[in-house]
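*Asks:* In case it helps, Swiss-Prot gives these features for our protein:
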type: ACT_SITE; residues: GLU329; note: active site, proton acceptor
type: ACT_SITE; residues: HIS330; note: active site, proton acceptor
type: BINDING; residues: TYR133, GLN191, ASN214; note: NAD(+) binding site
type: BINDING; residues: SER240, GLN262, HIS265, HIS330, ASP363, GLU417, HIS422; note: substrate binding site
type: BINDING; residues: GLN262, HIS265, ASP363, HIS422; note: Zn(2+) binding site
Amino acid sequence: MQPTNFNTLINWQQCSEEQQKALLSRPAINASERITAAVSDILDRVKAEGDSALRDFSQRFDHVQVADIRITASEIAAASARLSDDVKHAMAQAVRNIEIFHNAQKMPVVDVETQPGVRCQQITRPIASVGLYIPGGSAPLPSTVLMLGTPARIAGCQRVVLCSPPPIADEILYAAQLCGIQEVFQIGGAQAIAAMAFGSESVPKVHKIFGPGNAYVTEAKRQVSQRLDGAAIDMPAGPSEVLVIADSGATPAFIAADLLSQAEHGPDSQVILLTPDAAIAQAVAVEVEQQLALLSRADIARQALESSRLIVTNDLQQCIDISNAYGPEHLILQIRQPEEIIDQIDNAGSVFMGDWSPESAGDYASGTNHVLPTYGYTSTYSSLGLADFVKRMTVQQLTPQGLLGLASTIETLAQAEQLTAHKNAVTLRVTALNNALTAVNKE
């Protein structure tokens, strides 16, 4: 097996500004015009033809004739019976930790009096209906069911719909059962996103769609989120990525394993090592080659390593600065006192601190969510959490005294904006209150 290109050490300080910018560029994910047009056609057909279009696309893209789009309860029970106890116990432990972490994210009611007689509240309500897309293929992702289904249940979403390409893996069906998801449909690709966004005879329309997917799924989510008749989505999606910051005390084998755990996701994944220690970087390159030989998805990982980087910096501070500029989906701090620099980390989806916090823990069972912003969106987007399955509402209630105390402020600002109806809504009430007060005084 030929070695990868992931064995060339790059000295950051010796690179020009343009070269540094190029080093932090990600593999292109822009949908081609062909994909954009194809997805648009799929969306329109599903909206117009419903289940008929869904069956046609399943035959064309998944090479499966789907008679019943919805998976029955008996089919889910049969899938559960086929799974080993080890897998079931592992999923149960993962769900427990995910529940603990996401339950802790419940937002308290905000209830304050901003001035006498003016009461303001912030309350939350669950999104009524959500759709979860779970990719299929050679590597089913039941962990994503747990990461999406658990917060949806905790939030109290009344309807949770799950779509996955046929045939749906037993692990995915069991994970759905574990999360209390009863509406499961064997549809994949852009057509599944269309079904959840618009609804069909079998698939209910939802308000918001979650979950990862290929370029067609990603483009479908983008398009439905921009249509008035579509649905909201969780966040923009891109290929998986990890950045590791390592000092001279780091363990090369651990670093290599974490880098490869992301590289095996797909050929467009990207992994980066930043270290002030050239010896560590070189040792990691050797470890990567040795561990690659043991991986079932070695060919995929090798492709990902072609656009990955081993970067040697001047010092740890430079590593931090580069990481914040890149904004990785996963950030691993393989340094001696990671807690001393966490306050300097501004842009990352999820951070893993120390030798004993592998990225795999967050992917599966530590309790944090593995649905994270990628492609630099960490500068503006957060990791998925309970807040994504609820919406906030504000409430205000003014007493007569409260309105009188605030009236002149509102009237002045409304007049400044030349919105006289706004001003009048206050003035009429103030007049009514003053008239009532005058009448009482006369009595």
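One-based numbering along the chain as shown.
Yeah, the Cβs are placed from backbone N, Cα and C, and that goes for glycine too.
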*Asks:* Largest pairwise Cα distance, Å, within the listed substrate binders SER240, GLN262, HIS265, HIS330, ASP363, GLU417, HIS422?
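*Replies:* So the maximum pairwise Cα distance among the substrate binders is 55 Å.
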*Asks:* In terms of Cα spacing, which of the binding-site residues TYR133, GLN191, ASN214 are within 10 angstroms of SER240 (substrate binding site)?
*Replies:* none
*Asks:* Roughly how many Å lie between the Cα atoms of GLN262 (substrate binding site) and HIS330 (active site, proton acceptor), rounded to a whole value?
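*Replies:* Cα to Cα, GLN262 (substrate binding site) and HIS330 (active site, proton acceptor) are separated by 9 Å.
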*Asks:* Please report the number of other Cβ atoms within 10 Å of the Cβ of TYR133 (NAD(+) binding site).
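*Replies:* Taking every protein chain into account, the count is 27.
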*Asks:* Tell me, if you would, which residue among HIS265, HIS330, HIS422 (recorded positions) has the fewest other CB atoms within 10 Å in the structure shown?
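*Replies:* Among the recorded positions HIS265, HIS330, HIS422, the lowest count of other Cβ atoms within 10 Å belongs to HIS422.
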*Asks:* Identify, in sequence order, the residues in the chain of GLN191 (NAD(+) binding site) that are 6 or more apart from it along the sequence and have a CB within less than 8 Å of its CB; answer 'none' if there are none.
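*Replies:* The answer is ILE42, VAL46, ALA53, LEU54, PHE57, SER58, PHE61.
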*Asks:* ASN214, SER240, GLN262: which of these binding-site residues has the highest Cβ count within 10 Å of its own Cβ?
*Replies:* GLN262
*Asks:* Between TYR133 (NAD(+) binding site) and ASP363 (substrate binding site), how far is it from one CA atom to the other, in Å?
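*Replies:* Per the Cα atoms, TYR133 (NAD(+) binding site) and ASP363 (substrate binding site) stand 17 Å apart.
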*Asks:* Closest of the recorded positions to HIS422 (substrate binding site), Cα to Cα, picking from ASN214, GLU329, HIS330?
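*Replies:* The smallest Cα gap between HIS422 (substrate binding site) and any of the recorded positions is with GLU329.
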*Asks:* At the Cα level, what's the spacing in Å between ASN214 (NAD(+) binding site) and HIS265 (substrate binding site), rounded?
*Replies:* 12
*Asks:* Other than TYR133, GLN191, ASN214, which residues of the same chain sit close to NAD(+)? List them in sequence order, counting a residue when its Cβ is within 8 Å of the Cβ centroid of the site.
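*Replies:* Result: PRO135, CYS163, PRO165, GLY188, GLY189, ALA190, ALA192, ILE193, GLY213, TYR216, VAL217, ALA220.
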*Asks:* At the level of the C-alpha atoms, what whole-angstrom distance separates ASP363 (substrate binding site) and GLU329 (active site, proton acceptor)?
*Replies:* 12
